[in-house]
Amino acid sequence: MALLNILQYPDERLHTVAKPVEQVDERIRKLIADMFETMYESRGIGLAATQVDVHERVVVMDLTEDRSEPRVFINPVIVEKDGETTYEEGCLSVPGIYDTVTRAERVKVEALNEKGEKFTLEADGLLAICVQHELDHLMGIVFVERLSQLKQGRIKTKLKKRQKHTI
């Protein structure tokens with residue numbers, strides 16, 4: 001396994017729409033293992049392949065503290081949404097930035113697992129939010145782009161200031 005580099009917003013590659021995985025093979029399974037290692041090392045709960053500059057429809061997540069429920073979604077599609085909720089989100093591609101995003105309260109998602117087997121998952125709460133957040137990445141959308149123009153401007157200014165201080 002290897003740690004992967006996580007792209008940082010506003011890197012344009014984060015806006016690339018991911019292509020479907022054609023075949024779940026050893027290359028995809030290695031990508032999944034590397035994504036889990038990267039996500040855990042970065043203390044995240046979800047990671048989309050787009051964030052590591054691989055533009056295929058692969059997502060990993062684990063909402064547990066003890067890493068006991070790793071989930072893999074290959075070619076995920078949300079087939080149903082219901083309700084509305086807000087949640088303060090963060091993102092490994094936008095470190096240190098958190099803001100409230102409105103999303104569906106419940107979702108039903110269809111995907112393939114790491115063996116290439118199709119499954120359906122009905123999710124609510126944090127899992128539903130995480131699914132929607134990560135699937136946004138596959139569509140080239142970063143969570144801050146779900147915020148008002150004013151908030152987006154403030155975040156970009158904050159990130160530019162931070163970047164100047166690290167150079």
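Even glycines carry a Cβ here, placed using N, Cα and C.
Worth saying up front: this structure is predicted, and the values here are computed from it rather than measured.
Per Swiss-Prot, the feature Fe cation binding site maps to Cys91, His133, His137. The active site annotation in Swiss-Prot covers Glu134 and is backed by sequence analysis.
Other residues of the chain with a Cβ within 8 Å of the Cβ centroid of Cys91, His133, His137, the Fe cation site, are Gly46, Ala48, Gln51, Glu89, Leu92, Ser93, Glu134, Asp136, Val142, Phe143. Secondary structure at His133 (Fe cation binding site), as computed by DSSP, is helix.
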